[in-house]
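First up is the structure itself, then whatever we jot down about it.
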Amino acid sequence: MQAVQQNNPVYRYWVLVGMVMIAGFSQGMLLPLLAIMLEQIGISSSLNGLNAAGLYIGILLVSPFIEKPVRHFGYKPVIVTGLVLVATSLLLFPFWQVFWFWFILRVIVGIGDNLIHYATQVWITSTSPKKKRGRNLSIYGLAFGIGFGIGPLMTRLLSINEFLPFIIASVTSLLSWFFILLLRNEWPDNEIETGSRLNTFSRYKKVFSLAWFALLPGFCYGYLEATLHGSFPVYALRSGITIEWVSILLPSFVVGSLITQLPLGMLSDKIGRKNVLLSVLFLGFVSFIAMAFLESSMIGLLVCFIVAGMFLGSLFSLGIAYLADLIPSSLIPTGNVVVSICFALGSIAGPVIGGIFIDVFGDGSIYYSISGMLLLVLIAGLVFSQRQDVSELDVKRAAI
């Protein structure tokens, strides 16, 4: 408890927000940067896509093992380890341009990024009062979006020196390491039986039984993000959309998400997380269906991308906030593990299903792939009902 009292809550929060911006920056930079470099050395598009999956494979591999170190060692050592892994890997990329070497480094970056994401998510969620949880996690999501949006700009530095983007990203990670060192370590809640005495499988089962719908936005966001960045460029080129327009449409989705992250989070604090989630899922579904009919108009497509980003860019942070509303605080670390797994599975499934849709259905296929997923999650949300025993548990815990 001493560490909690000595940390300045405002400083702690903004340092953690900075951490996720760095993680978003490294992810946003690596996806297009390495795709371009692999293309330049003659790697096929299918292998290029496999290499890109390394990041999400790393996220998936480490997710089942990440909760115990956080409970045992605390948040700070896990974040520092993630920063060191990311910074070191980024420095090594340009030294040896070999496919499998880059694949391994991408897996390591995925592991490091997930360590940062997981520890910062749980730390922010656990220390945020419920009435401000949506706002705090929305700013968290906003920071990731800004970092993810800035990352692709590093591709322009390739013409100057291919080492330069990696050096900048690595130095940025090391600078953030300095700020995290000024924080005192803290630990998640381990006192309540549901969190500390149940075995791993029982905790996962408990999270699923209490909050299965709150896990789906993480899967859906991973599916959406990976499909847009992995499959949409292929679909666009086959449909006659120029590379220049692709480079405008994809960032426009991020721009849209930046506009509404904070307002949607604050709205969810007032009218309820589930109501906002169902609304953005429906409006996002309509946006992607509209794209199939407006594809011949680049301006119309651009507007749809911005609108879709405004509604769907908050899916992940809203899902995390809703999850924290539904489960005891001692299960928040476990819940975040499951969300990370769902995000990674969605990120891997998205390009695969999107690629199949492109080959089978042709025109409009990529939009139908995404809108179909959104519709399924929307239906799941309409079916889901919160268990009443959770609120009773919260009352008992508050009285302790």
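Yeah, the Cβs are placed from backbone N, Cα and C, and that goes for glycine too.
TrEMBL lists 12-389 with the feature domain 'Major facilitator superfamily (MFS) profile'. According to TrEMBL, the transmembrane segment annotation covers 12-37, 49-66, 73-93, 99-116, 137-157, 163-183, 204-224, 244-264, 276-294, 300-324, 336-358, 364-384.
Between the transmembrane segment (276-294) and the transmembrane segment (364-384), three or more CB pairs separated by 6 or more residues in sequence fall under 8 Å, so the two stretches touch. At the 8 Å Cβ cutoff, the transmembrane segment (336-358) and the transmembrane segment (49-66) share at least 3 close pairs (sequence separation 6 or more) and count as touching. The stretch in closest packing with the transmembrane segment (244-264), judged by the count of Cβ pairs under 8 Å and taken from 99-116, 163-183, 204-224, 300-324, 364-384, is 300-324. Sequence-distant contacts of the transmembrane segment (364-384), counting only residues of its own chain at least 6 positions beyond either end whose CB sits under 8 Å from a CB of the stretch, comprise 212-213, 216-217, 219-220, 223-224, 227-228, 231-232, 235, 274, 277-278, 281-282, 284-285, 288-289, 291-292, 295, 312, 350, 353-354, 357-358. Looking at 12-37, 73-93, 163-183, 300-324, the range that has the most CB pairs within less than 8 A of the transmembrane segment (137-157) turns out to be 12-37. When each of 49-66, 73-93, 204-224 is checked for Cβ pairs under 8 Å to the transmembrane segment (99-116), 49-66 comes out on top. Sequence-distant neighbours of the transmembrane segment (204-224) (same chain, 6+ residues past either end, Cβ-Cβ under 8 Å): 56, 194, 198, 273-274, 277, 281, 312, 315-316, 318-320, 322-323, 325-327, 331, 334-335, 337-340, 342-347, 349-350, 353, 370, 373-374, 377, 380-381, 384, 387, 390.
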